[in-house]
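> Per TrEMBL, the feature xanthine binding site maps to 20, 27, 156. Residues annotated as 5-phospho-alpha-D-ribose 1-diphosphate binding site in TrEMBL: 128, 129, 130, 131, 132. What TrEMBL lists as domain 'Phosphoribosyltransferase' is 53-154.
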Ligand code: 5GP
């Protein structure tokens, strides 16, 4: 998506450790105009899918998921990061290895909000090794709901998450795919 690539080129900062900082428009300060355009693009890409719910993960997926949900006219559920001690039989739970914080945490969704009748679009800001999305897919599977697809804002194509999801047959629509980035020069290469 041209507009998102333009934002990344102009405002993104390439950090050491394969981290792309986009906190001026995507996951700290949020550019809602951009989010609307992203939502419209996912709506176009998933036009034929019978999506009735969007699932994301706190915190940075929530903003983009809410704006997309307005266009899809469906509710958003976000998986919460929880202490294991709080996990009871009323929730679906999975473990996620955090890419940015280098630790494992539990994510939970109340059983009240996912059922076999649901057709889910997963949305998140980044796809790196795929741990966050895989955690959400585990939860969807446990609930008996149907996964319709995954919408990602920025996929880092040089990490394996996207490749593994596509190999599994998951319908994955990443609005920008960064195939290479250099922390020294700030140079970015997009896949088209
Ligand atoms: P994964 O679970 O696919 O390895 O990583 C995805 C999650 O880690 C996303 O939810 C996102 O919050 C975070 N993340 C991964 N890579 C980056 C990055 O380069 N920049 C930022 N800002 N977050 C990232």
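Cβ coordinates come from backbone N, Cα and C, glycine included.
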> Can you break down the domain 'Phosphoribosyltransferase' (53-154) into helix, strand and coil residue counts using DSSP?
31 helix, 44 strand, 27 coil
> Please compute the mean pLDDT of the model over the domain 'Phosphoribosyltransferase' (53-154).
94
> For residue 128 (5-phospho-alpha-D-ribose 1-diphosphate binding site), which residues in the same chain are close in space, meaning a Cβ under 8 Å from its Cβ, but six or more apart along the sequence?
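For residue 128 (5-phospho-alpha-D-ribose 1-diphosphate binding site), the qualifying residues are 18, 99, 156, 159, 161.
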> Compute the centroid of the Cβ atoms of 20, 27, 156, then list the same-chain residues not in that set whose Cβ lies within 8 Å of it, in sequence order, for the xanthine site.
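Leaving out the recorded residues gives 12, 19, 21, 22, 26, 125, 126, 128, 154, 178.
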> So among 129, 131, 132, all listed as binding-site residues, which is physically nearest to residue 20 (xanthine binding site)? Use the C-alpha atoms.
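Out of the listed candidates, the nearest Cα belongs to 129.
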> Of 129, 130, 131, 132, which is closest to residue 27 (xanthine binding site) if I measure between C-alpha atoms? They're all binding-site residues.
132
